[in-house]
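See below for the structure under consideration.
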Amino acid sequence: MKDMSLVNSKVLLVGSARGIGFSVLEHLLQAGAQVMAADCEWQLLLEQSESLLGRYPDQLTLKKLDLAEPEAVREQVNQWAEQVAGFDHLVCCAGILHVAPLHEMPMEQVSSIFTVNAFGVLACMQGVASSMKARQQGSMVIIGSNAANTPRMSIGAYGASKAALHMLVKCIGMELAPYGIRCNLVSPGSTRTAMQQQLWTEQYGEAQVIAGDAAQFRLGIPLNKIAEPADIAQAVLFLLSDNAGHITLHDLRVDGGATLDH
């Protein structure tokens, strides 16, 4: 088996200031990648990345990017790709969540979720695609969700946006496969992040997520634990690496068996 070294690979990482994205950033730098890390939370990105900039001054560049404006995102990402003579890899971890019953959620919130989670991520993929096509190589790994395949109460818009994203990734992956470009998804289940904690209350937290809840029509987690951000990051690095050289259009679910692989 080949190692998962990404030495000198140029990676655009979108959504890198917290949670899964920040763990992916740490793993990419440890693997030797040259990373352009972008996030809409600029101040948080600066604060979180301070120690990484000290340890990897020649590998890390920080940028601000807001996926709420997809047309601007596509143009900006394309410009960055031109500046670095093309990215080898794109990783998108960005996403937003509003928690409310879908039958009551304001359309403004539904629209904002789709704009960021589906259209903004698509804009990133479009932004790197032309330079990858010209070089006849590249890979994209997009963070999806196991909620794309399994209905969940109070996060219906989020799940629907991720379902749309999954199909966008697979379709663009099919279009780009003849050019040697691989496009894959990593779909986390419950993971120890701030977004996950938005769903927890005093009565419903980590233990209940693991055990499952019939009233919420939720199975538990067969592995009896929630994921850590590093679990997701390691899956991302595998799909970026040469070990996954014949894998594309794939959804790698990292949820401890919570959706029984359906």
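Using N, Cα and C of the backbone, Cβ positions are placed for all residues, glycine too.
The NAD(+) binding site feature in Swiss-Prot is assigned to 12-36; the stated evidence is similarity to another entry. Residues or ranges marked as substrate binding site in Swiss-Prot: Ser145. Per Swiss-Prot, active site, proton acceptor is recorded for Tyr158, and the stated evidence type is sequence analysis.
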Message = Please report the distance from the Cα of Gly32 (NAD(+) binding site) to the Cα of Tyr158 (active site, proton acceptor), rounded to the nearest angstrom.
response = 33
Ask   = Does anything in the same chain, at least 6 positions from the residue listed as 'substrate binding site', have a Cβ under 8 Å from its Cβ, and if so what?
value = Gly95, Tyr158, Gly159, Lys162, Ser187, Pro188
Ask   = Do any residues at least six apart in sequence from Met36 (NAD(+) binding site), in the same chain, have a Cβ closer than 8 Å to its Cβ, and if so which, in order?
value = Lys10, Val11, Leu12, Leu13, Thr61, Leu62, Lys63, Trp80, Val84, Phe87
Message = Is it possible to get the count of other C-beta atoms within 10 angstroms of the C-beta of Val24 (NAD(+) binding site)?
response = 31
